[in-house]
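Q: Here it is, the structure in full.
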Amino acid sequence: MGDWSFLGNILEEVNEHSTVIGRVWLTVLFIFRILILGTAAEFVWGDEQSDFVCNTQQPGCENVCYDEAFPISHIRLWVLQIIFVSTPSLMYVGHAVHHVRMEEKRKDREAEELCQQSRSNGGERVPIAPDQASIRKSSSSSKGTKKFRLEGTLLRTYVCHIIFKTLFEVGFIVGHYFLYGFRILPLYRCSRWPCPNVVDCFVSRPTEKTIFILFMLSVAFVSLFLNIMEMSHLGMKGIRSAFKRPVEQPLGEIAEKSLHSIAVSSIQKAKGYQLLEEEKIVSHYFPLTEVGMVETSPLSAKPFSQFEEKIGTGPLADMSRSYQETLPSYAQVGVQEVEREEPPIEEAVEPEVGEKKQEAEKVAPEGQETVAVPDRERVETPGVGKEDEKEELQAEKVTKQGLSAEKAPSLCPELTTDDNRPLSRLSKASSRARSDDLTI
């Protein structure tokens, strides 16, 4: 009996990870197979070969006839049957133990994560989810009341081990029938070589051995029936769960849709006040009035200001001229207003001055532009009488003719950009202003 202790300790683990029918099968295996085989069967088949007697004196004939009658001992055949039938259960136990260890590791990781979350929250107690509470309760329960659920790969392994047990049971029953039949006769006739003729051999305890054979075969049929019942039980359970799933899924979908609609309605309320940072992450739709109130960044004005400063540079002088011919700048409008207040000057003199200014601009280099003689100086001279004005104008004309050829190239480029305009229009504007003064 001590030889079966190792197998018995392993099969006890199967009891914790099996269904009710599986536990009944293990009970049948332990009590009606291992226990009886270890106690009574060995004594019944102990004198098997010594009590096998044949009516011949031919050497070797008795041994040959025994080998033909019993190719393998019944006890050894039943031992092999128990080992082969228990092997799928051992494989399942190995997978179940691995699964249990993985679950324990996962629970330990969840416990560590909960501890870290509680520490990060400043020692506040984190609410325990129902799943985590069930995990703690199941871990705190005793080993005897421990429940084990068959799901996923573990369920597949369990079904496979039942199938293999059934196949081994059927195989050994069929093999037993072809080897011995279902009973042992007291007389066995042998005609195998080296026997000279047909030899009669007699078997000891044939009735007792027949009873043991029938008992062991009945136990094999019971275990086979339990395997079939367990397969049908798991099949019915799977069918029931398959019928329950379509009813449960639409209910879950309806609950999710109702929660989604509630969340949308709460977002629509937040139209008249500024949302918090947490609510801005959830809300995705904003009114059109709020979109237009977005403040522009101060950086947007910088590139345009830099671009406006670069327009007045030397390489873009030609472009500035074309724009100044079409539209007057602020500087030109201010000069025109000042020229209206100037005293009248003869129109014939102004074109000559304009021609000289254009010649001075052509002589100037590309990076610098010449400027016409500022007309603001004319405004500063107060007009007292017409005669005094004429004398002053003639003196200014003489000075302009001398300075236009000498000082035009040395003028600063900043003034050229402001006063670079066609003189023909200035002369017309000045002549109109002077004519208005004369009429008054």
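Keep in mind that glycine also has a Cβ here, set from the backbone N, Cα and C atoms.
Copying in the features that Swiss-Prot gives for the protein in this structure:
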type: COMPBIAS; residues: 353-364; note: compositional bias 'Basic and acidic residues'
type: COMPBIAS; residues: 374-399; note: compositional bias 'Basic and acidic residues'
type: COMPBIAS; residues: 423-432; note: compositional bias 'Low complexity'
type: DISULFID; residues: C54-C201; note: disulfide bond
type: DISULFID; residues: C61-C195; note: disulfide bond
type: DISULFID; residues: C65-C190; note: disulfide bond
type: INTRAMEM; residues: 2-12; note: intramembrane segment
type: REGION; residues: 111-143; note: region 'Disordered'
type: REGION; residues: 338-440; note: region 'Disordered'
type: TOPO_DOM; residues: 13-21; note: topological domain 'Cytoplasmic'
type: TOPO_DOM; residues: 43-71; note: topological domain 'Extracellular'
type: TOPO_DOM; residues: 93-161; note: topological domain 'Cytoplasmic'
type: TOPO_DOM; residues: 183-210; note: topological domain 'Extracellular'
type: TOPO_DOM; residues: 232-440; note: topological domain 'Cytoplasmic'
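Give me the lay of the land around each of these features.
A: On its own chain, C54 (disulfide bond) has C61, E62, C65, C190, V199, D200, C201, F202 as residues at least 6 apart in sequence with a Cβ closer than 8 Å to its own Cβ.
Residue density at C195 (disulfide bond): 18 other Cβ atoms are found within 10 A of its Cβ, drawing on all protein chains shown.
According to DSSP, C65 (disulfide bond) sits within a helical segment. Other C-beta atoms found within 10 angstroms of the C-beta of C65 (disulfide bond) number 22, with every protein chain shown included.
Across the topological domain 'Extracellular' (43-71), mean pLDDT in this model comes to 82.
With a cut-off of 8 Å between Cβ atoms, the residues of this chain six or more beyond the topological domain 'Extracellular' (183-210) that come close are 44-45, 47-48, 51-56, 58-62, 64-66, 68-69, 74.
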Q: Taking a Cβ cut-off under 8 Å, which residues six or more beyond the ends of the topological domain 'Extracellular' (43-71) line up next to it in the same chain?
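A: Beyond its ends, the topological domain 'Extracellular' (43-71) has Cβ neighbours at 179-180, 188, 190, 192-196, 199-205, 208-209, 212.
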Q: DSSP on C195 (disulfide bond), three-state: which is it?
A: coil
Q: So, by DSSP, how many helix, strand and coil residues make up the topological domain 'Extracellular' (43-71)?
A: 11 helix, 2 strand, 16 coil
